Amino acid sequence: MANPALTEDAVNTGAVAWVLTSAALVFLMTAGLGFFYGGLVRDTNVINTMMMSVASMAIVCLTWVVFGFSWAFGDNGGAAIGNIVGNFDYSLWMNLDMKMWGDSGLPGLCFAAFQMTFAIIASAIISGSLVERMRFSAYAIMLALWSLLIYAPLCHWVWGPGGWIAEMGALDFAGGTVVHISSGVSGLVAGAIVGPRRHVEKELGPANAPFVILGGSLLWFGWLGFNGGSALSVSDGVAARAVATTFVAAASSMLSWLMLERLLKGKSSSVGASVGAVAGLVCITPGAGFVTPGWSIAIGALGAVWCYVSVELVNKANLVDDTLDAFGLHGMGGIGGAILTGIFALDGGLIYTGNFELLAKQIAGAMAGVAFSAVGTAIIVVALRLVMKLRIPEEQEIEGVDQHTHGETYHSPVKKYPQTTSESSEDV
């Protein structure tokens, strides 16, 4: 795509302000994810868990600038490869500075920076299946490779010019397949290859429930930009609809999750409230701009049940140590959201047309995301295992990762302060 030169008349100032604000909101989500995940692990692994999210901000920022954006959104015209991956036209963000992004009313760098924040948080979500046992160096390399070889091509399939899932007619407003299915499934596969934790104390509960609440709240706050910003405009009402459905689905899912906990476990927990909200946010993501606020109540409630059952089944089966339920929430939530979009979408949804065509396309697109993410991630992780160690030593895993990997601890060491002159005289 030949991007025209940036001119004052071509810029939609309202859209630019909203998308740049949304980029900042989505970027904040990764910090929120760090708190969310960090609060759920043992107190000897909090720093390392949060660092896995923080590191993605730097690693994926650079991979996205160097090749990722170009592979995701490069236009190969009518060439067959254009259905699969982009090109090198925008490598190092060339041909974007002082250029417009097509006829969107957005500068090219505005669009590229907004999309970068999605790549960052998608990569960080994977850590939820790997924390408390994976070497930080191996994780960093895996993240860089995954963002280029899995995320970028899948993004092209769904959102890029000529992408085959988009051409098929499947809907993904803000990343149900691109972000959540890809990261959730990839985390599960990577976790299976790395192996389970040797030191599991689930009965002790999370190290810091307030961290989980803070992280969940930041995620909800940032998700308004995640979904709302994906409209890429403010003039047609779609951004407002996406923000509204995001609010409503998260609220519906949170209350549904709390009711499930109350019925099945006897108590409604603060962690459950945060997890329930995130489940609703994941499930509304693919349909945020395509469904009404009223139906988003149903999406949130059904999504909560779907994700709750998924998390319980994965944990009960105990075939893979999905440490922080990244697959149950994001992978299965993304699949559920894709299906629910096929049911409730205003244009082509099952309840409006009685036709299963859109629903079938939604399922096909979601399953393609599952297959590609699973196979591609398996190849990356197995290849890494052949050339480097993936796991930390057993004694470090048992003692805790923070001190051994980062030289820091969540709890500050006891400090000995020198006595003041008055205190010394009183002792005498």
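Each residue, glycine too, has its Cβ placed from N, Cα and C.
Predicted automatically and left uncurated, TrEMBL annotations should be read as such.
What TrEMBL says about this protein:
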TRANSMEM  15-38  transmembrane segment
DOMAIN    17-409  domain 'Ammonium transporter AmtB-like'
TRANSMEM  50-73  transmembrane segment
TRANSMEM  106-126  transmembrane segment
TRANSMEM  138-159  transmembrane segment
TRANSMEM  171-195  transmembrane segment
TRANSMEM  207-226  transmembrane segment
TRANSMEM  238-259  transmembrane segment
TRANSMEM  271-289  transmembrane segment
TRANSMEM  295-314  transmembrane segment
TRANSMEM  326-346  transmembrane segment
TRANSMEM  366-387  transmembrane segment
REGION    400-428  region 'Disordered'
COMPBIAS  418-428  compositional bias 'Polar residues'
Problem - Rounded mean pLDDT for the residues that make up the domain 'Ammonium transporter AmtB-like' (17-409) - result: 96
Exercise for the section: Using a Cβ cut-off of under 8 Å, list the residues of the same chain at least 6 residues beyond the transmembrane segment (295-314) that approach it. Expected result: 244-246, 248-254, 256-257, 260, 276, 279-280, 282-284, 287-288, 320, 322, 325, 327-329, 332-333, 336-337, 340, 344, 351
Fill in the blank from the handout: Relative to the transmembrane segment (326-346), the stretch among 15-38, 138-159, 171-195, 238-259, 271-289 with the most Cβ pairs under 8 Å is 171-195
Handout entry: Contact call for the transmembrane segment (171-195) against the transmembrane segment (366-387), three or more Cβ pairs under 8 Å
Key = yes
Fill in the blank from the handout: Given the transmembrane segment (15-38), its same-chain partners at Cβ distance under 8 Å and 6+ residues beyond its ends are 46-47, 49-54, 56-57, 104-107, 110-111, 113-114, 116-118, 120-121, 124-125, 127-128, 131, 207-208, 211-212, 214-219, 221-226, 228-230, 232-235, 239, 274, 278, 324
Handout entry: Contact call for the transmembrane segment (207-226) and the transmembrane segment (366-387): at least 3 Cβ pairs under 8 Å, seq gap 6+
Key = no
